[in-house]
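TrEMBL has this to say about the protein:
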- Asp101: active site, proton acceptor (ACT_SITE)
- Asp277: active site, nucleophile (ACT_SITE)
- Asp101, Ser102, Gly103, Gly104, Phe105, Asp155, Gln197, Gly224: substrate binding site (BINDING)
- Cys316, Cys318, Cys321, His346: Zn(2+) binding site (BINDING)
- 23-378: domain 'tRNA-guanine(15) transglycosylase-like' (DOMAIN)
- 258-264: region 'RNA binding' (REGION)
- 282-286: region 'RNA binding' (REGION)
Amino acid sequence: MSLAEVGDTMSSMSYRIVSKAQRARHGLLRLPHSDVKTPVFMPVGTQGTMKGVLPEQLIEMDCRILLCNTYHLGHRPGHELVKKAGGVHKMMNWPRSILTDSGGFQMVSLSKLMTLDEQGVNFESPHTGEMTLLTPEKSIEIQEDLGADIVMQLDHVVHVLTTGPIVEEAMERSVRWLDRCFETHERDDQALFPIIQGGLNLEIREKCVEEMSKRAKVGIAIGGLSGGESKDQFWRVVAKCCEMLDRTRPDLPRYVMGVGFAVDLVICSLLGADMFDCVYPTRTARFGTALVRDGGLLPLTQNQFKKDFRPIDDECECYTCKNHTRAYIHSIAGKEAVASSLVSIHNLQFQLQLMNRVRDAIDADRVEQFLNEFLEEQFPKRDVPQWVRDASEYMGYKLYRSEDPLAN
Ligand SMILES: [Zn+2]
């Protein structure tokens, strides 16, 4: 395989494949603030902070890149102020890499009123009630002020289950908006990622991959998923986009937006995707649920943990597991903010550790074995979902026990 580096005009940014196993890639993404090993899970810090987790705790778990929401930072404290503070890295005291989204998604999801035309997205601010226009140019301007390592284009997102001509129109508009983003974007210490749209229509996705591949420089995203489509539809779109990118631009890291369930992270990584983000691990932590290898979830608010003096996971190396018991967390869960912090720390460590295991399996070329181990941990009753079996079979991996759920 080619070890060629990309990003010729941007010496501080490059991506290279370290090792490959079938479709899966272990890569190294070089960004101005840190090197990022892929496949990577990026925790989401909404308001310029990781809810309940300090930067040094993220560094302790070897987190290399965070996602911050442009929409939220643009409102509070405001992008001009972030710029004055020296950028979002400095403001939140995070020395490593950051990715900011375009702000478009939050706008659509949080706004009651939204209209969209060629110029941009018009929306009613939920903060002030005023009508505001977000254009591709404005989104880039804000993201340049914030100063993240990776910035995202403003795209025209339609609901994933939408059908009809609007899907293709939105995709074509997203291509035009990307061109406007590139025209405005001046900072050469930021990578601007295009976003592949096209809903669940594989032909439209293909056209979009063609166009975005011509324009992408450092990396590319697969957007518009994780919005209510079936898992079967979801993995097929990811598979198709990765296959097409293998032909057009194998040199780019591929970021599948909004993915954070352990099983989704594993299947998408094996399909050839490289970057993921989701609020899930920290959101679920706030409800007192820990992510664990054995069975997937540990709802620590339940009474069965009242006298359970084991750590959340006795193999986990995180701060929480080294210092606290399930019983302690049970006693404060839902009552004390520190409970959310402790479970968030563990859950983020769990996600990052899972990605370490994926990369190790790719390096050792033992992906099939890893996949089987992982599915046995996550589904101890062997109720592996059909879409996971289908995706595994599609990739040519044999699941040792999947056809025999009752055998022991
Ligand atoms: Zn832990």
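All residue numbers here begin at 1 and follow the chain in the order shown.
From the backbone N, Cα and C atoms, a Cβ is placed for every residue, glycine too.
Taking a C-beta cut-off of under 8 angstroms and a sequence separation of 6 or more, Cys316 (Zn(2+) binding site) has the following same-chain neighbours: His346, Gln349, Phe350, Gln353.
Gln197 (substrate binding site) has Asp101 as its nearest neighbour among the recorded positions Asp101, Asp277, Cys318, Cys321, going by CA to CA distance. Checking the recorded positions Asp101, Gly103, Gly104, Phe105, Asp155, Gly224 against ligand 1, none has a C-beta less than 6 Å from an atom of that molecule. Shown in sequence order, Tyr71, Val157 are the residues of the chain, 6+ apart in sequence, with a C-beta less than 8 angstroms from the C-beta of Phe105 (substrate binding site). Long-range C-beta contacts of the residue listed as 'active site, nucleophile', restricted to its own chain and to partners at least six residues apart, with a cutoff below 8 Å, comprise Phe41, Met42, Pro43, Val44, Leu67, Leu99, Tyr255, Met257, Gly258, Val259, Gly260.
Sequence-distant neighbours of Cys318 (Zn(2+) binding site) (same chain, six or more apart, CB under 8 Å from its CB) are Met61, Ile345, His346, Gln349, Phe350, listed in sequence order.
Taking the mean position of the Cβ atoms of Cys316, Cys318, Cys321, His346 as the Zn(2+) site, the remaining residues of that chain whose Cβ falls within 8 Å of it are Pro311, Ile312, Asp313, Glu317, Tyr319, Thr320, Lys322, Ile345, Gln349, Phe350. In this view, the densest Cβ surroundings among the binding-site residues Gly103, Gly104, Gly224 belong to Gly224, judged by other Cβ atoms lying within 10 Å.
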